[in-house]
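Worksheet: the structure to be examined is printed underneath.
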Amino acid sequence: MAAQDVLGQTARLASSSALLQVLFRVVTFALNAFTLRYLSRELIGVVNVRLTLLYSTVVFLAREAFRRACLSGSTKRNWTKTINLLWLTVPLGVFWSVFLGLVWLHLLEVPDPSVVPHYQAGVVAFGLSAIIELLGEPCWVLAQAHLFVRLKVIAESLSVVSKCILTVTLVILYPQWGLYIFALAQLLYATVLVMCYVTYFVMFLGSPEATKKSFPVARVKALFPNFVEDETFVNWKEARLTWSFFKQSFLKQILTEGERYVMTFLNVLNFGDQGVYDIVNNLGSLVARFIFLPIEESFYVFFAKVLERGKAVKDQKQDDVAMAANVLELLLKLVLLIGLTITVFGYAYSQLALDIYGGSMLSSGTGPDLLRCYSLYVLFLAVNGVTECFTFALMCKEEVDRYNFVMLALSFIFLCISYFLTHWHGSVGFILANCFNMGIRIAHSIHYIYDYFRESTYRPLTGLLPSPFLVLVYIISGVITGFSEVFFCCDKGWMARLVHIGVGSLCFAATVVTMFCTETKLIHFVRSQFLSRYLKKGT
């Protein structure tokens, strides 16, 4: 597949995934607002922090390394061996589910049954749902490698909608069921997700469409483990790369979910405060995750396909290098401007957002400060996602192994900083520690990118330098909206709030207009690669 075709399909995957993440986050956003009115914040804290951490840890440790290794390189490979390797995620998931389930049941503090009933059933259900989801891993990797955009959108949309409908129904009818509600909903989510992928491939394999596309897997039987006579069971090069990524994924999970591990294992916050923190965290990441995560996942595939892992820039096809450098520069500029916009406007509108969303329970106390800090953290998330996406797509096995030692040291430092900052400044300390963590990771990735392109004429890191005039507009907007918050928000009635919103809207409009005037190359990239298909559909 030509690099230009890969870019087009990758952009389509990223934009579709972004829309999918919009659905996820909006639904979670609405679901939290709904459940706050029916269930205790302690119950929400146990589900959204303790049990969700169990589920995410199991699936991350069991599959993340396999995904990164098996999505590297060309789609022209021995897929029988790749699928065999992917099935190893299931026994690995069973191991982690049983091991961590015992830790969650016997070593961690158990919630008061009168406040959070059926905790044991919740642990079992969330661990089981992780194993069920891993059963669809070969199908997921096949779909992602061949850029089956619509399948991913439909499968994940149906699973999320099914989960939410069941949750809302049970919360209204049987609120006394406690964790049974969320346990059943999580099991339904995993089952629907896997069944969508399995059903699609059962219908697709052997069809005329699959034959026309020369799809490398011809029969449903090929989706299961297969022994090939006189050949190894797996591709050992992929297996060794998987092991390198596995060591890294263990550390990356600690860094990604570090605050939840500190909350879970060190009891620095009670379950009620954990619930408030998670609600604010979800609100803060509402925009960040549905944009940055799809871009990171999709363009990891692009960079891994266009450039060859472990090769110096001078040994690559120069046309592909030029395209990759241009895309990296524009991606950096795109996520930087999105992050700056959220940081600038998030500071002045955090208290108002929390007051509208959850009332005084969220808008008083540390809630607004927590969301303001999260707005800054979004900027770090934005840059780190793209820089690491490029770095991990190009690192050879030896570089990945070396980076693992960096991650090990960083994990230890992060956990220590999280613990001390939390004692010093409460839940806000978690966000400050995450900013430090992301800053170090960004510095490492920037150093790698600089070294990689040093022997070429390309300088993609210039994407981190926005127009000076645009920076000035950001500063002026931040000052104006800050004064607006002091004078009009949030205890002066709805008319004052509307004035505050109007001031922010005008500043935001001025910022967007300046963007269109100063960042023309970026605007063309977004319109041609992300929006073109949707504009065509609308005409």
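Glycine too: its Cβ is placed from the backbone N, Cα and C atoms.
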Ranges 153-174, 263-284: which does TrEMBL label transmembrane segment?
153-174
Which stretch from 83-107, 153-174, 180-205, 330-354, 374-396 shares the most C-beta pairs under 8 Å with the transmembrane segment (119-141)?
180-205
For the transmembrane segment (428-449) and the transmembrane segment (374-396), decide whether they are in contact, meaning at least 3 CB pairs lie under 8 A, counting pairs 6 or more apart in sequence.
yes
Contact yes or no, the transmembrane segment (180-205) and the transmembrane segment (330-354), 3+ Cβ pairs under 8 Å, gap 6+:
no
